[in-house]
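Engineer: Positions annotated as domain 'ABC transporter 1' by Swiss-Prot, on the basis of sequence analysis: 5-241. Annotation comment: Swiss-Prot describes G37, E38, N39, G40, A41, G42, K43, S44 as ATP binding site. Annotation source Swiss-Prot lists domain 'ABC transporter 2' at 252-498.
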Amino acid sequence: MNSLLSLEHISKGFPGVRALNDISFELQSGEIHALLGENGAGKSTLMKILCGVYKQDAGRILIDGAPVDFRHYHDATDAGVGVIFQEFSLIPYLNAVENIFLGRELRNALGMLRKKDMRAQAEKICQRLDVNIDLDAPVDHLSVAEQQFVEIAKALSLDARILVLDEPTATLTPNEAEHLFRVMRELKAQGVGMVFISHHMEEIYEICDRITVLRDGEKIGDREVGEVAVDELLEMMVGRKISNSFPEKTPLRNDGDIVIDARAIQLHKNGPVNSFQVRKGEILGFAGLVGSGRTETALAMIGALPACRKEVSVEGEPAAMKTPAEALRRGIGLLPESRKKEGLILPFSIRENITLNNLAKVSGAASVIDRKRESEVAETLSAKVRVKAPDCETPVGNLSGGNQQKVVIARWLNNDCKVLIFDEPTRGIDVGAKTEIYRLMKQLTAQGVSIIMISSELPEVVGVSDRVAVFRQGSIVKILEGDAVNSNEIMRYATGGVKDE
């Protein structure tokens, strides 16, 4: 294989932070190279330097052995670098062809769009990827996997020979992820070099050739995939051995106070009617395949989605909860699946995000915010959940995924919530940060807070939950507890391998 990309002795600093220190990284033609590290290790900064978003303070970039100087994102794309970020750059109301050629549309001598030519090129790229996409539909009508293939097609239309894929399977089903891997293998055979960023070790071992590990802005080492064990990689990432990321479970008490009694939640007329209870200080897991109705049931309970029938009591009192605001007044908070879009205001500081839902708590006469009091509350709560940041004035958009999730938790602690709904709480979060989130959840339940945890990661559901409600096709088919909370039992019920008793 030929050396396609070399990053040599790259360093980058921000005010008060040394983000990268003397990092070197090499990508071969036709290689899939994993870039591993905890959130905050420097992966995103390094890739933003590669794609021209940031300019390095020291070091150089070489493509095909020749030095390049990227002062802008377009410089990188012109040099054959394509990046598929976690947050897609697609315009939702435009179709796939329009998105692929956005900003560089093909036109004739009169300035008219050459739509047939653009469509023909788009079809050719899709054939190269071996994907079948409705090129005429607005991209927001496509599945997440199809949108991702549009992003890849967009990069390939620019003759990208270097692709960076940042957590590409985070929102994909297993079948969609396998389809993506087939596409990646095809591109690999065509000589495209790929940088693959993922926190899922099984994916690294399935698709990658080589691994480079970063920690705290330093390169810890690189390894061939077939020559390194998972435990060694984890130790390289976090700087210590990880024996078990899940906290020890305490014996389940069946006599605990019932905080939520959902006697009936029906999303659609003639649809299934679900019922469940949540006890004080327990973690109730919602498990099931993607599209099984887990999130929809939780959102309907708190009024974020409509329900044609809802009978719910909170601490023994009937609760209509027609809106999330009413649910919040009842002491129920939601940590949404998409924390960046729905859980946080990224340009706002840590302080502003923590106090946003309860400004009355930090306001004085005439409802004027007491900045000193606000800062004290934010600092106390951020310390409690161990947010890693220079100070509470740091914009949350500058934080790692794990620290962003901690800010969302701190916000709900500021509201003294009795029940927290965690929707995919560790999605896009590294191993070390996951352990901290689990520790926080355990601390909250020890203080009497009840948690509903919706997760697509079976080890997480099994390792954290006291009881598990298993969903299939919109219906809770079984509630497991004790020794029955294991991966085999959950999958048997989730896939229809057994009937509910």
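Even glycines carry a Cβ here, placed using N, Cα and C.
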Engineer: Across the domain 'ABC transporter 1' (5-241), what is the average pLDDT of the model, as a whole number?
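Structural biologist: Averaged over the domain 'ABC transporter 1' (5-241), the predicted model reaches a pLDDT of 88.
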Engineer: Please work out the number of neighbouring Cβ atoms within 10 Å of the Cβ of S44 (ATP binding site), leaving out its own Cβ.
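Structural biologist: S44 (ATP binding site) is surrounded by 21 other Cβ atoms within 10 Å.
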Engineer: Taking DSSP three-state, what's S44 (ATP binding site) in: helix, strand or coil?
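Structural biologist: It is helical.
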Engineer: What is the number of other Cβ atoms found within 10 Å of the Cβ of G37 (ATP binding site)?
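Structural biologist: The Cβ of G37 (ATP binding site) has 26 Cβ neighbours within 10 Å.
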